[in-house]
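Colleague: Just lifted these from TrEMBL, have a look:
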- 439-458: region 'Disordered' (REGION)
- 39-57: transmembrane segment (TRANSMEM)
- 69-88: transmembrane segment (TRANSMEM)
- 94-117: transmembrane segment (TRANSMEM)
- 137-160: transmembrane segment (TRANSMEM)
- 199-222: transmembrane segment (TRANSMEM)
- 289-311: transmembrane segment (TRANSMEM)
- 323-341: transmembrane segment (TRANSMEM)
- 347-365: transmembrane segment (TRANSMEM)
- 410-429: transmembrane segment (TRANSMEM)
Amino acid sequence: MERNLKNVLVISFGFLLLFTAYAGLQSLQSSLHSEEGLGVASLSVLYAALILSSMFLPPILIKKLGCKWTIAGSMCCYITFSLGNFYASWYTLIPTSVILGLGGAPLWSAKCTYLTIAGNSYAEKAGKNGKDVINQYFGVFFLIFQSAGIWGNLISSLIFSQASNNVEISEESLACCGAYDCMTDTTNTTGSAELSNSIIYTLLGIYTASGVLAVLLIVMFLDQIKSDQAEAEKEILETPSFWSTFLATFKHLKDKRQCLLIPLTMYSGFEQGFLSGDYTKTYVTCALGIHYVGYVMICFSAVNSLCSLLFGKISQFTGRKVLFALATVTNTACIIALLLWKPHPKQLAVFFVFPALWGLSDAVWQTQTNGLYGVLFEKHTEAAFANYRLWESCGFVIAFGYSTKLQVYIKLYILLSVLVLSMVTYGAVEYLEAKRSRGTPAGTKKENVGPLTQETHM
């Protein structure tokens with residue numbers, strides 16, 4: 001097996017094991033810990049910490065430890081969140097959410113940097129187009145990574161369904177489900193109050209073990225990245241000061257294209273936050289019960305995983321603009337339908353249609369936006385991916401922050417507004433790129449990532 005591909009697979013399966021635990025826990029937070037909004041509060045704090053981490057931690061850790069050990073160390077931060085859920089309270093979930101958030105930015109930044117360098121390294125040897133190899137690597141990664149939601153949610157649903165009593169939900173309670181929810185915790189109690197500590201501890205024990213296996217996989221099998229560009233950088237550049245590192249992410253905002261991509265990047269956080277925080281609670285748990293959350297999210301993850309691989313491969317034929325248009329139309333249709341639909345247990349299939357279509361759209365947002373950052377900012381990949389994670393985290397924080405304060409229909413209107421703004425600013429980026437390409441003499445544009453002259457990250 002080609003060495004770069006082996007490393008891509010090691011990273012992918014490491015993330016699969018880690019996010020088998022995290023994806024399952026994130027889907028359940030709003031339903032499992034609904035008292036005083038503890039679940040969504042922990043997620044909001046988590047992504048707020050991720051924003052702070054994005055500003056200064058990744059470049060420091062990546063420069064000092066390298067991509068491999070940054071990934072391994074950051075994974076340990078995720079394990080603490082699983083441990084915090086063993087005794088869920090404001091004194092355990094909030095601190096472990098902060099720890100996870102601090103580790104999240106270096107984890108994703110090191111992964112993005114590793115895949116981008118590996119893709120360009122292989123493209124140079126094989127005489128292929130750098131951006132096409134990068135897109136394929138991201139496609140393979142997201143195919144495997146997104147399937148984490150399948151396993152994590154399958155585990156939770158199988159365990160919860162054994163302990164769940166199928167209680168008949170009254171029409172009065174169902175009236176409080178959906179876009180025009182009643183803003184009370186009574187919509188969230190179906191099945192969740194029935195769970196015993198032993199059931200929850202069994203689930204958390206499996207999730208914790210999965211995270212530990214992820215760390216061991218990375219430590220034992222991932223090669224430290226070897227790149228002529230990285231070596232040249234170490235020779236030329238001195239270690240940056242703390243403040244120059246801290247400011248590097250914001251210096252990257254001098255690039256007009258980066259500024260225009262902020263709404264699109266934030267929308268990624270908004271739409272994921274809505275599905276895991278609001279759809280699972282006010283549609284699924286409210287109308288069907290908590291034991292259905294996992295099955296519904298499996299549908300999302302399965303479609304997301306398959307489409308990620310598909311879009312990673314066909315993007316070189318269709319171009320990214322067609323795929324972004326497909327995701328926009330699909331997401332818009334879902335938002336409008338969710339505004340009109342009143343969830344009812346008799347319409348079981350409909351509960352799975354929405355996450356399936358959402359998974360198709362999210363596959364585009366993830367693969368194409370990641371690839372877009374790698375191609376547009378090929379000489380400043382770490383600073384670019386730092387901004388990516390920073391602004392996506394802002395979207396998560398806002399989405400989870402107002403989760404318990406606003407009715408669902410208002411959140412859907414906000415989601416639709418951000419989507420429209422995202423497509424307008426993305427169109428401006430494509431216009432600037434087309435204009436820039438016309439002004440570039442033939443043969444002078446480089447496809448491979450150049451020296452990482454600005455080290456900043458999420």
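Quick reminder: no glycine exception, Cβ is built from N, Cα and C everywhere.
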Colleague: Within this structure, do the transmembrane segment (323-341) and the transmembrane segment (410-429) have 3 or more Cβ pairs under 8 angstroms, counting pairs 6 or more apart in sequence?
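Modeller: Between the transmembrane segment (410-429) and the transmembrane segment (323-341), contact is present.
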Colleague: Go through the chain and flag residues at least 6 beyond the ends of the transmembrane segment (347-365) whose CB is under 8 A from any CB in it; none is fine as an answer.
Modeller: 142, 146, 264, 267-268, 271-272, 275, 279, 283-284, 287-288, 292, 295-297, 299-308, 310-311, 323-324, 326-328, 330-331, 333-334, 337-338, 341
Colleague: Mark yes when the transmembrane segment (39-57) and the transmembrane segment (94-117) have three or more Cβ pairs under 8 Å (sequence separation 6 or more) and no when they do not.
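Modeller: Touching, yes - the transmembrane segment (94-117) and the transmembrane segment (39-57) meet the threshold of 3 or more Cβ pairs under 8 Å.
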Colleague: In the same chain, who gets a Cβ under 8 Å from the transmembrane segment (289-311) while lying at least 6 residues past its ends?
Modeller: 23-24, 27-28, 31-32, 139-140, 142-150, 152-158, 160-161, 164, 166-167, 169, 190-192, 195, 275-276, 279-280, 323, 351-352, 355-360, 362-364, 366-368
